[in-house]
């Protein structure tokens, strides 16, 4: 009896409740935000043992809708949700945040030039970066979802210099998951049996979905995707364009953007970053280039990464063939042009 009491006493120390993690979602009244906040409140992003406090930011015209989202979060009675702040004040929204998911941005509208969209987003991300710089927790992790995601993340990095560059990322996990989905559909296998696809480069139609290092778990062990698909023509053409154009295809079918899959992928991105990737598995993240694979430093570029103890590392030593090299360089060129355009808007 005494030993059982000792065990229960020791167990009580092991089960110390975690402090809540403060998560910011910008553009929270929009479609992606509306899909994302309940996922975070349920534990899909940080785990079923991690309490959260949600900070939701949106623009003044969306204030009433934002308050409606807050009301729904309260009504859902999520056990992990320890508080909700719904605000149009960027300083209040950024206060003490540990994780910032930047969904808000200015969408391209009909008749707008690329420079017009870039100019709007540069000013938004400059202001939000300055607020994160002043008010967020020093180790704040940032995920940029709003397009142009890679370049928005670069602007944010520029105006939040005290946030470590390794803590500013952009979302290409949606493209990564789309690639996994296409392979699983083609082979009629479960998506969890496919791993290690790569999205290189920009979250745009120049991205390069690469299966050269991807594998499928079969009854006779792991096999390469190329070996099992046995159709290089499909893998080098239709597969790539389907993943590149998937967002446009969903808008055409749904008449709205892919909010559900974007929100789910944002959860996947942060969960793996914070809690780690499974051994032998990598994921795609838009991260600050250190020159790996010949990609110029100073771009936010999607690489294959593994994560451990809250840190990501670019997977090194993968063999790059001529076809891949050309695709990787083309998307890097687009990112360099976007960077120049963004900096011209700053000036």
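Cβ coordinates are placed from backbone N, Cα and C, and glycine is handled just like the others.
What you are looking at is a predicted structure, and each value in this text was computed from that prediction instead of being measured.
What TrEMBL lists as active site, proton acceptor is 203. Residues or ranges marked as NAD(+) binding site in TrEMBL: 27, 28, 29, 30, 31, 32, 33, 58, 121, 145, 146, 147. Feature annotation from TrEMBL assigns substrate binding site to 108, 114, 147, 178. Residues or ranges marked as domain 'Lactate/malate dehydrogenase N-terminal' in TrEMBL: 23-168. Among the features that TrEMBL reports, domain 'Lactate/malate dehydrogenase C-terminal' is placed at 172-340.
Structural mapping of features recorded in TrEMBL.
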{"residue": "29", "record": "NAD(+) binding site", "CB count, 10 Å": "26"}
{"residue": "31", "record": "NAD(+) binding site", "CB count, 10 Å": "16"}
{"residue": "33", "record": "NAD(+) binding site", "CB count, 10 Å": "25"}
{"residue": "108", "record": "substrate binding site", "CB count, 10 Å": "16"}
{"residue": "114", "record": "substrate binding site", "CB count, 10 Å": "12"}
{"residue": "121", "record": "NAD(+) binding site", "CB count, 10 Å": "24"}
{"residue": "146", "record": "NAD(+) binding site", "CB count, 10 Å": "23"}
{"residue": "147", "record": "substrate binding site", "CB count, 10 Å": "20"}
{"residue": "178", "record": "substrate binding site", "CB count, 10 Å": "22"}
{"residue": "203", "record": "active site, proton acceptor", "CB count, 10 Å": "29"}
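When every Cα pair among 27, 28, 29, 30, 31, 32, 33, 58, 121, 145, 146, 147 is compared, the largest distance found for this NAD(+) site is 18 Å. Here the Cα atom of residue 114 (substrate binding site) is found 11 Å from that of residue 121 (NAD(+) binding site).
Separating the Cα atoms of residue 121 (NAD(+) binding site) and residue 147 (substrate binding site) is a whole-number distance of 8 Å. Residues within less than 8 Å, Cβ to Cβ, of residue 27 (NAD(+) binding site) and separated from it by at least 6 positions along the same chain comprise 33, 57, 58, 102, 103, 104, 105, 146. Among 108, 114, 147, 178, the residues given in the record as binding substrate, the maximal Cα to Cα distance rounds to 26 Å. The CA atom of residue 203 (active site, proton acceptor) is located 12 Å away from the CA atom of residue 178 (substrate binding site).
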